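What Swiss-Prot records for this protein:
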BINDING   Q190, Y218, N223, E239, D299  S-adenosyl-L-methionine binding site
ACT_SITE  C324  active site, nucleophile
ACT_SITE  E358  active site, proton acceptor
Amino acid sequence: MTPEHLPTEQYEAQLAEKVARLQSMMAPFSGLVPEVFRSPVSHYRMRAEFRLWHDGDDLYHIMFDQQTKSRIRVDTFPAASQLINTLMKAMIAGVRDNHALRHKLFQIDYLTTLSNQAVVSLLYHKKLDEEWREAATALRDALRAQGLNVHLIGRATKTKIELDQDYIDERLPVAGKEIIYRQVENSFTQPNAAMNIQMLEWALEVTKDSKGDLLELYCGNGNFSLALTRNFNRVLATEIAKPSVAAAQYNIAANHIDNVQIIRMAAEEFTQAMNGVREFNRLQGIDLKRYQCETIFVDPPRSGLDSETEKMVQAYPRILYISCNPETLCKNLETLSQTHTVSRLALFDQFPYTHHMECGVLLTAR
């Protein structure tokens, strides 16, 4: 695979290899055959970052080969959304001959939605002044005149200039309902929107007969929390990143949801609060004992669950675990399988044509 070519004819073979690999990794814990969720074979990534290369009068996007570190020119990027590909051409055309926009520009980040909105961030090794703002405003207006719903942001050391806003609102159809998700520039969002819909619908399906409340750790912008509210009486969710918490609060209001409570704290801190080890001012007014959480949802970073959180989640009858790293999932399962069994297993092909696997397991108490 190269940035400008996807081996789409190999899609089924690479997916079958992942299924076999996941099944082999999970064999010590489960004999289940993974439920498999396919990605679109192209134009599946909703965000992308590129370095910019200045070559005389020419200017173009580049990526670096992960093995050789050699520079690769990228004029089209079929892994990314059609809108990103359109914007890549438009941005180069708009910046190449404009000194204020081009000078010291070293990176462009693109964030798009299925609803065809975009935020484009231009990163500089220079101070951004009024001349830059005027040039960027003219470029934004020219892009909008082409029918592109785009917002531009300029970034430099200790500087961020938003011409309008630093977010876009995604609208995802999830199991018959549209959910609005505010996505903030430079914050984590699910990169493969089509796969995200399938992940949300799978999580809904495996928790459809749930009782009581849901506790979610690492909730981000509320991606899973908002979808899962319909299966639970209440949802209590934790997140540490301020922009994600703000986006989650907006999403709760935008979707008219009244049974989700977001707490800004790390999973490790929440574990201490639940165990009565420490008291936190952020929990004033929230009676944790009121919640009857019989299901816990975790979507941890690549490092997986720490040992204290492992112990904490074992107290719940059902654990729904979305993993972006099956190796750390299996490490966690060495502990979790002492008290729980794997009752559902899914593979989500979030990043086709790569080694990367995303998977989901539902664990039920023995």
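Placement of Cβ uses the backbone N, Cα and C atoms for every residue, glycine included.
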- Message: In whole Å, how far does the CA atom of Y218 (S-adenosyl-L-methionine binding site) lie from that of the residue listed as 'active site, proton acceptor'?
- Response: 16
- Note on the structure: For the binding-site residues listed (Q190, N223), most other Cβ atoms within 10 Å of the Cβ sits at N223
- Message: Using the alpha carbons only, what distance in Å do you get between E358 (active site, proton acceptor) and the residue listed as 'active site, nucleophile' once rounded?
- Response: 5
- Any idea what DSSP makes of E239 (S-adenosyl-L-methionine binding site), helix, strand or coil? strand
- Number of other Cβ atoms within 10 Å of the Cβ of E358 (active site, proton acceptor) across all protein chains: 23
- Query: Long-range same-chain neighbours of D299 (S-adenosyl-L-methionine binding site), Cβ under 8 Å, sequence gap at least 6?
  - Reply: E216, L217, Y218, C219, G220, F224, Y321, I322, S323, C324
- Taking the centroid of the Cβ atoms of Q190, Y218, N223, E239, D299 as the S-adenosyl-L-methionine site, which other residues of that chain lie with their Cβ within 8 Å of it, listed in sequence order? F188, E216, C219, G220, N221, G222, F224, S244
- Message: Going by a 10 angstroms cut-off between Cβ atoms, which of the recorded positions Y218, E239, C324 has the sparsest surroundings?
- Response: C324
- Hey, does DSSP put N223 (S-adenosyl-L-methionine binding site) in a helix, a strand, or just coil? helix
